[in-house]
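Colleague: There's a structure below that I have some questions on.
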Amino acid sequence: MSSQSPERKRFYQVWPGKNKFYCGGRLVFGPDASSLLLTICMIGGPAITFCIRMAFLIRRRHPLFHSQILIGAILLTFMDFTFLFLTSSRDPGIIPRNKEVPESEIPDVVTQSTEWVSNKLVNVKLPRTKDVIVNGFTVKVKFCDTCLLYRPPRAFHCSICNNCVQRFDHHCPWVGQCIALRNYPFFVCFLSCSTLLCIYVFVFSWVSMLKVHGDFYVVLADDLILGVLGLYCFVSVWFVGGLSVFHFYLICTNQTTCENFRYHYDKKENPYRKGILENFKELFFAKIPSPLINFRDWAPEEEDDVEVGSITSKLSRTMGPQNTKMSSGKLGVR
């Protein structure tokens with residue numbers, strides 16, 4: 001009696017993280033991707049209502065004036081949703097896991113100061129941290145017990161997605177995704193477009209009411225829809241605008257949200273800071289790195305049930321071969 005071989009699976013089907021995959025692994029979302037519906041409603045509801053109101057005013061009076069306003073609102077709304085999709089649906093920089101600790105990471109001499117890193121390991125002890133040289137500065141990188149690897153500089157293990165992520169900034173519940181190396185530029189553009197859209201709707205709601213009705217004291221009574229939209233956008237712009245200003249500050253100082261909240265560079269030099277102009281060029285004009293994992297690849301049959309991939313062959317590409325190198329003989333223990 002012949003037994004049928006089990007159907008092969010792709011990486012996204014066996015990935016142990018909490019991500020949600022769609023379109024055959026082409027789209028990668030966080031586990032809280034459903035929160036996107038709320039964000040879409042909070043942006044799309046007022047924007048679409050504003051466009052409909054402008055279209056109604058085009059038919060009644062001032063067609064050229066309101067046509068120009070309508071076109072601007074449609075463009076900003078389209079750009080906002082485009083950047084939101086690019087932020088939430090792409091691999092933010094997930095680092096492949098190790099099934100076991102690579103032999104190259106096991107120290108030749110085991111001292112009493114080292115400690116156990118995982119129950120999976122037998123007779124293997126590793127330091128909790130090791131030193132790495134970044135742009136001439138010594139940076140400590142930590143060992144991740146879940147992914148069984150030393151995280152590259154600026155990487156972090158997101159407890160929500162259960163992944164180690166390159167240049168982790170934060171996990172954003174509004175977009176349902178980690179904000180990190182490969183989607184941070186789109187996230188900043190999304191915040192900027194949201195801020196501009198709020199300002200645009202607020203300003204032209206009042207301009208339209210004053211142009212149509214004339215007297216300021218009868219504006220709200222005659223056009224309640226535009227009045228409510230103006231008030232909604234006035235309140236919202238303080239939130240999204242504040243976030244935009246904060247992230248532009250982070251770009252100028254070349255920090256991540258995680259580093260800033262932990263006062264990472266308050267008492268030591270920031271090895272990544274290159275000046276305001278270079279920091280902006282690095283973020284918006286540098287090529288976005290390719291993902292470290294092709295989730296559409298076929299998973300090896302013997303690994304279909306648990307961890308996938310190895311970081312060893314890709315660690316040098318993650319850290320940058322020119323500016324970062326492992327320092328020999330410096331295994332720090334916290």
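In case you wondered, yes, glycine gets a Cβ from its N, Cα and C as well.
Whatever TrEMBL says is automated annotation, not expert-curated.
Reproduced below are the annotations present in TrEMBL:
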type     : residues : note
TRANSMEM : 36-58    : transmembrane segment
TRANSMEM : 64-87    : transmembrane segment
DOMAIN   : 142-262  : domain 'Palmitoyltransferase DHHC'
TRANSMEM : 186-209  : transmembrane segment
TRANSMEM : 229-252  : transmembrane segment
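Would you situate these features in the structure and describe their surroundings?
Modeller: Here the transmembrane segment (36-58) has Cβ contacts under 8 Å with residues 29, 66-67, 69-70, 73-74, 76-77, 80-81, 84, 88, 174-176, 194, 197, 201, 204-205, 208, 212, 225-226, 229, 232-233, 236 of the same chain, all six or more residues outside its ends.
Long-range Cβ contacts of the transmembrane segment (64-87) within its own chain (Cβ-Cβ under 8 Å, at least 6 residues beyond either end) map to 36, 39-40, 43-44, 47-48, 50-51, 54-55, 57-58, 172, 175, 177, 179, 183, 186-187, 189-190, 193-194, 196-197, 200-201, 204, 208, 211.
Within the domain 'Palmitoyltransferase DHHC' (142-262), the DSSP-based counts of helix, strand and coil residues read 72 helix, 17 strand, 32 coil.
Residues of the same chain lying 6 or more positions beyond the ends of the transmembrane segment (186-209) and with a Cβ under 8 Å from any Cβ of it are 43, 46-47, 50, 53-54, 57, 66, 69, 72-73, 76-77, 79-80, 83-84, 86-87, 90, 169, 172, 175, 179, 219-220, 222-223, 226-227, 229-230, 233-234, 236-237, 240-241, 243-244, 247-248, 251, 283.
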Colleague: If you average pLDDT over the domain 'Palmitoyltransferase DHHC' (142-262), what do you get?
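Modeller: For the domain 'Palmitoyltransferase DHHC' (142-262), the model's average pLDDT rounds to 88.
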